[in-house]
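**Q** Structure incoming, see below.
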Amino acid sequence: MGCFFSKKAKRKRNSEEEQPQQDGEEPKQYSWDKREKVDPKDYMFTGLKDQTVGKLPDKVAGQQFVIQECENCNIYIFDHSATITIDDCTNCRIFLGPVKGSVFFRDCKDCKCVVACQQFRTRDCRRMDVFLCCSTQPIIESSTSMKFGCFQYYYPELALQFKEAGLSILNNTWSNIHDFTPVAGETNWSLLPPDAVIQDFIPLPDSDELKCVRVSADVHKSIIPVTWGQRLKKSDESCLVVFFAGDYTTANARKMIDEMVGKGLSLIQTKEVAMKIEDAKRVFQDNITDLICLLEKGPVVALEFNGEGAVDSCQTVINNTFSGTKVFVSESKESASRDVDNFYNFADMQMGM
């Protein structure tokens, strides 16, 4: 098949091109002419020592950012960005708001960080403490004495920044570390204690410029649900709860988390993922009939709770608080372990695709 051209139109265009621009006539403006010029220096902290610096909300707005050769600094990026690289930094405290792509630490030592990103990687780093939210499996390479905890932070603009970065607050693999260069007989990474307090590692900003950001490190206010991760579970009883897509899915999940944690259960892990009918058949088995139409509306949100009486407690809260909402909850202690394994094995495969 060919393309059609108009000779008449071509002659007209040629005649228009041949006509000189009239005096005083404004030249044509194109979208790329109007695009605001970006100065890389506005998106970089380099060579700083003994300083507190940062970027306020809306001052990075999805651009790439670079931090390099800083020593004994407090650095706060209170905005979403595309990617961030941190090179050759020593004894720094760093907060990084949601990063759409990767965060890469290289040749850093004795740093304490709070980071939210899609991909996290370190190379040639030593003695770092990281409170992390990461959508994919974090990777360390040629790095030692690395410690990880779950992201816990709040300021009013943070939830919207997660959305602008395309990150789900419910997909966090902070504790599932892959050591790209393991050494036999040595452990290059570990998990921070569950009661670790962020402010003991990274102070809240105290400069006049940054104090206007209403920051809280209170675990109960955290945008990201604080999970137990891959630490040894306190009990051999877990329960799987799955909310299906709707107008209040995330809000319902947060309410469920608050209820169960308030009852003394541990939130082990969360996941937001799309499911096909064949996936649901493998995960939910005999309970699929009423779920088919719900799967077509969007991703599901799964929560694993752990503790004595977890199944009974979850069923009670679901019946009393979410009676008008379709929710999957494990039927018994015996089936719950299978439910958790089936769902998260499926979810891990989906996230790895």
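Quick reminder: no glycine exception, Cβ is built from N, Cα and C everywhere.
Note that this is a predicted model, so its numbers are computed, not measured.
Taken from Swiss-Prot, the feature GTP binding site applies to Gly101, Ser102, Gln118, Gln119, Phe120, Arg121. Taken from Swiss-Prot, the feature compositional bias 'Basic and acidic residues' covers 25-37. Look at Swiss-Prot and you will find Gly2 tagged as N-myristoyl glycine, backed by sequence analysis. Annotation comment: Swiss-Prot describes Cys3 as S-palmitoyl cysteine, evidence class sequence analysis. Among the features that Swiss-Prot reports, region 'Disordered' is placed at 1-37.
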**Q** How would DSSP class Gly101 (GTP binding site) in three states?
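**A** Looking at the DSSP assignment, Gly101 (GTP binding site) belongs to a strand.
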**Q** Around Ser102 (GTP binding site), how many other CB atoms lie within 10 A of its CB?
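**A** Summing over all protein chains shown, Ser102 (GTP binding site) has 17 other Cβ atoms within 10 Å.
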**Q** Which chain neighbours of the GTP site, leaving out Gly101, Ser102, Gln118, Gln119, Phe120, Arg121, have a Cβ atom within 8 Å of the mean position of the site's Cβ atoms?
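**A** Here the non-site neighbours turn out to be Thr83, Val99, Val103, Phe104, Cys117, Cys134, Thr136.
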**Q** Provide the number of Cβ atoms within 10 Å of the Cβ of Gly101 (GTP binding site), excluding the reference atom itself.
**A** 15
**Q** Near Gln118 (GTP binding site), which residues of its chain come within a Cβ-Cβ distance under 8 Å, counting only those 6 or more away in sequence?
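**A** Expected: Val99, Lys100, Gly101, Ser102, Cys134, Ser135, Thr136, Ala165, Gly166, Leu167.
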**Q** To which of the binding-site residues Gln119, Arg121 does the lowest count of other Cβ atoms within 10 Å belong?
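**A** So among Gln119, Arg121, the binding-site residues given, the one with the fewest Cβ atoms within 10 Å is Gln119.
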**Q** Give the maximum pairwise CA distance in Å, whole number, for the residues Gly101, Ser102, Gln118, Gln119, Phe120, Arg121 listed as binding GTP.
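**A** Across Gly101, Ser102, Gln118, Gln119, Phe120, Arg121, the two farthest Cα atoms sit 11 Å apart.
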**Q** Around the Cβ of Phe120 (GTP binding site), how many other Cβ atoms lie within 10 Å? Please give the count over every shown protein chain.
**A** 28
